[in-house]
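Colleague: This is the structure, below, for whatever I ask next.
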């Protein structure tokens, strides 16, 4: 029998959550087949079989937390190995003549599939409460009995015993007293409770940490997008034919950010203890919205990429993000982040730092409005508000404002981006 264990997930990640079992007990699998999908703080990981065989037991249900190197399933090696242990179970299920476990007198003859699935802690609790685990009902899809199931069974037993000695009218009042009551209105209202995914919990935790750790401030500016839109209009068709990718706004903003970071290196740094670590490389995180929440894959060495290289890498990472296929390496180590709320219609926002980074640039929707070109000329221009949130512990206000002004300057003169490298 082979133990299926949780593999090494990534550096600094010691646990995950069972997102989905891709097999069930009795399934025949080949070496390399995916068995289970695990959700970590940032990515989902599919665990594959190391050899062919039959799934003999699943120890963790969907939603359970598992640790690295923990056994989560058993695999009988070889397709032909021990088929007799699986076949009777299927036969009993199909004929509806499964034997009653409680009637078995010889405990050693009872298979693991028939015995209540419970951990030693649950069995200890059941003994303390004098409860037969075979009588405990569970809502777990895999039939595993948990401590809350045992306690709920004990509570039901206590209530039942109490009702046996109560008059009929007292039973009715007792049931009414046990009905849930809304704390806000005093009456029941329809609600839906959805368990937070591990990724959502991590996002929430990190956002709160960023607020509590960094001295975060935000400064704003606006960009006239006329020149960029003109370049895209004139060059997009030829660019697409040559590079097989469209030229989007993100490549311009990534180039502009890299140029500004070179001039103001404090925005490309982080705090470690009592030291400021200035990064001499430019790995730019690009925020991507997915069904599971926001993720920030990293465009490595963005300063060494051209417009086509940046666009292709962003497209590749965005596709993997939406398919939950990003690796930990593609999510870690960014030095600065760009987020675009404009695709959702946001005109202005204050982006939250992606710790331990000390700077994040927020893009917003383009709005056409009248702009004074000079003292006598007003024109209708496509304008975008941009926001820079920064950690005031190591970035002064002057640096932050100057950084954003540099980004604005580069964006309004796109040809200058070619000189920034």
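Heads up, the Cβ atoms here are built off N, Cα and C, so glycines get one too.
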Colleague: Looking at 20-53, 54-87, 88-121, I want to know which stretch TrEMBL calls region 'Disordered'.
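Modeller: It is 88-121 that TrEMBL annotates as region 'Disordered'.
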Colleague: Of the ranges 153-198, 199-244, which one does TrEMBL list as region 'Disordered'?
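Modeller: Region 'Disordered', as annotated by TrEMBL, spans 153-198.
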Colleague: With DSSP, how much of the domain 'Lipoyl-binding' (1-76) is helix, how much strand and how much coil, in residues?
Modeller: 0 helix, 41 strand, 35 coil
